[in-house]
Amino acid sequence: MRHPLVMGNWKLNGSRHMVNELVANLRTELAGVSGCAVAIAPPEMYLDLAKRAAEGSHIHLGAQNVDVNLSGAFTGETSAEMLKDIGAQYIIIGHSERRTYHKESDELIAKKFAVLKEQGLTPVLCIGETEAENEAGKTEEVCARQIDAVLKTQGAAVFEGVVIAYEPVWAIGTGKSATPAQAQAVHKFIRDHIAKADAKIAEQVIIQYGGSVNAGNAAELFTQPDIDGALVGGASLKADAFAVIVKAAEAAKKA
């Protein structure tokens with residue numbers, strides 16, 4: 001049985017005060033939670049602060065990006081070794097904001113995936129279609145292409161212990177969200193697509209939903225059999241709202 005994971009992507013938000021306050025409030029709100037794994041991905045410069053603030057809790061540390069290089073003359077980049085050294089475990093790659101604003105290709109994201117696996121870190125591979133692709137009926141085609149960039153170059157075995165986050169681009173930060181049935185259909189397609197290469201691996205892959213997940217829609221999303229948690233943006237910046245999502249995942253997957 002898959003153990004759900006809810007992860008907060010703080011994006012470009014935070015300050016020393018905010019990190020300390022938010023993590024302290026999360027510790028309080030999530031004190032009794034055991035049926036859902038929790039991770040947070042603060043901005044890089046606050047990773048160590050967040051790690052110290054979360055020490056002794058069940059909150060795992062994550063990061064929002066990684067470089068393909070381990071060291072050298074690559075100004076402004078952060079390596080997988082550095083993230084591992086500071087204690088980050090769940091590393092987001094392929095987020096639509098990176099694909100759009102930084103022109104990251106499927107091939108580059110696949111390289112990041114490989115580097116993370118080599119370092120024993122957990123890739124959180126974001127995939128998803130734009131509004132135009134959705135309206136053109138290309139959702140499955142796009143998701144398959146983004147998965148195949150890894151699957152066809154590294155094989156199915158590398159997906160063991162990996163997290164995939166399905167984030168329809170049209171739903172990120174827009175207030176729009178796929179219906180639970182729509183999200184489930186895509187999640188099932190993703191699992192079935194990997195299962196063509198290895199059914200056992202596909203069954204254990206955690207597939208999160210992302211895209212305007214909030215306290216109001218989380219419970220219904222998590223009742224779907226192939227939705228194993230959420231990658232949460234804006235709602236992860238408020239401890240009470242984030243906790244509602246975590247507890248909804250715990251309750252749904254216990255049922």
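The backbone N, Cα and C atoms fix where each Cβ goes, glycine too.
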Item to complete: Check Swiss-Prot for me: it has N9, W10, K11, S212, G233, G234 binding substrate, so pick out which one of G32, G35, G173 it puts in that same site.
Response: G173
Fill in: Sorted by sequence, non-N9, W10, K11, G173, S212, G233, G234 residues with Cβ within 8 Å of centre, substrate
I172, V232, A235, S236, L237
Practice prompt. Compare all C-alpha positions of N9, W10, K11, G173, S212, G233, G234, the record's substrate binders, and send over the largest distance in angstrom.
Written response: 14
Worksheet item: Which one of these binding-site residues, N9, S212, has the sparsest Cβ neighbourhood, judged by other Cβ atoms within 10 angstroms?
Response: S212
Fill in: Cα separation, E167 (active site, proton acceptor) to G234 (substrate binding site) (Å, whole number)
14
Discussion item. Excluding near sequence neighbours, so keeping only residues 6 or more apart in the same chain, what lies with its CB under 8 A of G233 (substrate binding site)?
Written reply: N9, K11, I172, G173, G210, S212, V213
Worksheet, complete the sentence: Listed in sequence order, the residues of the same chain lying six or more positions from W10 (substrate binding site) whose CB sits under 8 Å from its CB are I40, A41, P42, P43, Q64, S236, L237
